[in-house]
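Participant: Residues or ranges marked as domain 'CWH43-like N-terminal' by TrEMBL: 4-230. The feature transmembrane segment is assigned by TrEMBL to 7-28, 78-96, 108-129, 141-163, 175-196, 208-227. Per TrEMBL, the feature region 'Disordered' maps to 252-273.
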Amino acid sequence: MSLWMIIPVSLPVFTITGIWVVYAIALYNQHVCPVHNWLYNESCAEQLPLQTGPVLCCTPDNIPLISKCGSLPPESCFFSLICSTGSFLVMLIGLLHYAHVIEKHRNCVLNTASLSTGWICAAGLIMVGNFQVDFAKVLHYVGAGVAFPSSMLFVCLQSALTYRLAKTREESWIGHVRVGMTLLALIALVLSAVFFCQESFTLQHTSAIFEWIYCMLIMLFYGTFAFEFGGMSGDTLMVLSRGGGVHSFPTSEHKTEVGGGSSHHQPESLSIL
């Protein structure tokens, strides 16, 4: 096992824990209503942060969407930190996995497309975290419109890439796990988007729950890269230093062929001499 596997594991551990901490702070400051609350009103006599008592009056502005939980200070500061750090880890994991595929196999369209979509997702995530929905709604929604579809496309491409490169039973098993997580994430994303557009407060609250499920599934998907990163070495960085092209790092099969060809050619030259 390699210590490189700590990198993909740290992403879900940090981000999932972080967004739940943001939710807890927002709930403590009464900036959002709890997830178990299903009763909403068109308007309230007092804003939620000013209310007291065991029963709170909630409006659609208090639905605990992830972005809404990180909209107001002080939780918005932690939300920006989590999204920015998560974006960096997404880019790092994507780049290292891209090089690892070239090192162990060879480059392909799926590998390059996965790297591109992962980095696009990271760019959208930075916008989501640093442009709060209550103060920069257009930029926030642009970031969300980039991050959500690109993250879904990323896991689809990675699932297909895993099956294409699988040579052992363990690699096939990882492929099954990733496909299962991808299907669940797709269902959660579609339901979240559909319910978010509805006028029913109950359906909008349901949308928030599916949004939470989707984000956690995506982060856990990145955690499965620990399987590949466990066999990573310093040779992976050599791939990046050589430009990461299709033939930048010869595979083990190619090395064997080159070695066999050389040993066969040498006696033929000696016989001529």
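Any Cβ shown, glycine's included, is placed from N, Cα and C.
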Participant: Residues of the same chain, at least six outside the transmembrane segment (175-196), with any C-beta under 8 angstroms of its C-beta?
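Facilitator: Residues packing against the transmembrane segment (175-196) from afar: 148, 152, 155-156, 158-159, 162-163, 166, 203-204, 206-208, 210-211, 213-214, 217-218, 220-221, 224.
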Participant: Might you confirm whether the transmembrane segment (78-96) is in contact with the transmembrane segment (208-227), defined here as three or more C-beta pairs under 8 A between residues 6 or more apart in sequence?
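Facilitator: They are in contact.
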